[in-house]
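Some notes on the structure that comes next.
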Amino acid sequence: MSTESKCPFAGGAYANTEAGAKGNRDWWPKQLNLDILHQHSSLSNPLEENFDYASEFQSLDLDAVVKDLHALMTTSQDWWPADFGHYGGLFIRMAWHSAGTYRIYDGRGGASRGAQRFAPLNSWPDNVNLDKARRLLWPIKQKYGRKISWADLMILAGNVALESMGFKTFGFGGGREDIWEPEKDINWGPETTWLGDERYSGNRELANPLGAVQMGLIYVNPEGPNGNPDPLASARDIRETFARMAMNDEETVALIAGGHTFGKTHGAAPASHVGLEPEGASIEEQGLGWKNSFGTGVGKDAITSGLEVIWTPTPTQWDMSYLETLYGYEWELTKSPAGAHQWKPKGDAGAGTVPDAFDAKKRHQPSMLTSDIALRTDPAYDKICRDFMAHPDKYADAFARAWYKLTHRDMGPITRYLGPLVPKEELIWQDPVPAVDHELVNDADVEALKAEVLASGLTIPQLVSTAWAAASSFRGSDRRGGANGARIRLEPQKNWEANQPAELAKVLAKLEGIQQKFNGAQQGGKKISLADLIVLAGNAGVEAAAKKAGHDVKVPFAPGRTDATQEQTDAPTFAPLEPKADGFRNYAKKGLEDAAAYLLIDKAQLLTLTAPEMTVLVGGLRALGANYGQSKHGVFTSRPETLTNDFFVNLLDMNTAWAKSEKAAGEFEGRDRKTGQIKWTASIVDLVFGSNSQLRALAEVYATSDSTEAFVKDFVAAWTKVMNLDRFDLKK
């Protein structure tokens, strides 16, 4: 018998642990990805289940952390020396790139989960050497432990970097909780190579929901589109990508000009000297990547972007020098030592005006990126730059506010912000709602109001659909939307196709009448908001439908929502929240019918639902008749508006044979196998609960004869969860 040792991987003994092993989605690429509904569970979180980060952060000596960060900025380490003796530029870039992945179309990305620590972000080409920034922060993270998350620390480090170089920031709010595994729900693009750009169609139209121009970039290619040094074309890319972060032209100029006031870029030699990124590097590198074989590999020999740019004469000081330099010279193309396109003053003007990052005896001329020259070339950006030069205080305020917005955009309302550095001013992009300034309804009021709603002539489908439309606008990604604020009665939500505007207006008018009658009859200032009444009315509909099925249930209700005004609502940035499809309502815009099942999973993930919660909600909402346009698709019951498990029972009935309908795309007909008569009609979303093996397993749970009570209980729990998704006041 051979005693020769062999690698166990070669024989496939541990193939299930190899990244290259084929998984189910390799065999069946079109399979639904339900994994995104179960990420970030307690099973991957090393902290105890009752860990309360908000309480830990509130007990933190934030002044001490800030003091330590200030000291870090100028304590250069030999293993990664500080440019100009100050790490400020590096930490600004780290914070910017942590926050800058946010995109408005689905609210994903951003700084609020500390995702830069994990793949793919930790290994993106645009994040080269930010692994070093996080390692520099590690002693501070180690010192304060669980009292400050990586997510908060990275943004705070960016703020302190700015402050330490003389800039006054707008404020800082803590409260970002770390995740412990990569985010599986984010579509970063279709490309399979770094810096690929298969995300365009037509005249360079960037696909939704993507926010960057190429795979692995935060925003734009600093050399210009695909490395083409065309400033006007670069300006177009800049405007598009920053708009996808909800930044206007003024905010865009302020961020670029303000950020490039500090530090430098690194391109000492060609990229051939740079090793693999952290996720691909050897084990002895211990999570670091991009090992550089040129010279010392660090300091003056560092290679990051391949560009070798120092923008200003004062790269560790806040001043007007970036704009003064940009407009102080005429610029011409040149190349960095790494061969990347960048710009220098014509005629070698400005020689000796810019310091060397490591040798006090050396001086250089300033240089710029194509994306910098774009600010001067584009007429709108140019006008803003000149205005900022004439009004330095306006410029500083614009940068402070834009930086605050950039780094806090995905945190939700200001009520979630923690710590003594939170500014008092509430801004429109934080989706403000009025504070409760009245006595709330009590249990007796709630019962009386539900009775009034049920006697109003409004149907169960109307009540349920309206509450669902309001609450399900919530996105767990950036904590926007939801029932609080009653924005369903405002632009743009009141006119969204999925909300059936004409029908919605009738329901809201009835509910407003009930609200006014109740509030007018109260003594002492007790009131119910329309936002509360919309949810309460939906609850009343669910309870009435459950009662028809023989179940006496009470749906939990917590008053305390208030009604926002149109002036408190940033209509343009709410527009991307409009659902393209909502499988819970059996709704899909024309042309998206075939993708409806995938979009259901995406919607469920944004609603923070698990697969069982999604399943029970779909089945229950079909029974309640909550379909868009009163469609009968998926209403597999002879007793509509009754909270039964009939959807699951009849979906799994083998006496029904399904076939595609010839009437419309994405529609199906269920016929009696014996008679051939049509029994039911369905959408792809309906049938996927019988087709997909995981969803069928869940459907079977709710189709059994002993599941009726569990079905109602689980539906009420999942319904209540959705109604309260934006009630951050209840979760403190």
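Backbone N, Cα and C atoms are what each Cβ position is placed from, and that goes for glycine too.
Feature annotation from Swiss-Prot assigns active site, proton acceptor to His97. Annotation source Swiss-Prot lists heme b binding site at His260, citing sequence analysis. Swiss-Prot lists 1-15 with the feature signal peptide. Per Swiss-Prot, site 'Transition state stabilizer' is recorded for Arg93.
In this view, His97 (active site, proton acceptor) is surrounded by 22 other Cβ atoms within 10 Å of its Cβ, with every protein chain counted. When other Cβ atoms within 10 Å of the Cβ of Arg93 (site 'Transition state stabilizer') are tallied across all protein chains shown, the result is 24. With respect to their backbone Cα atoms, the residue listed as 'active site, proton acceptor' and the residue listed as 'heme b binding site' stand 14 Å from each other. Long-range neighbours of the residue listed as 'heme b binding site' (same chain, six or more residues apart, CB within less than 8 Å of its CB): Trp311, Tyr322, Leu369, Asp372.
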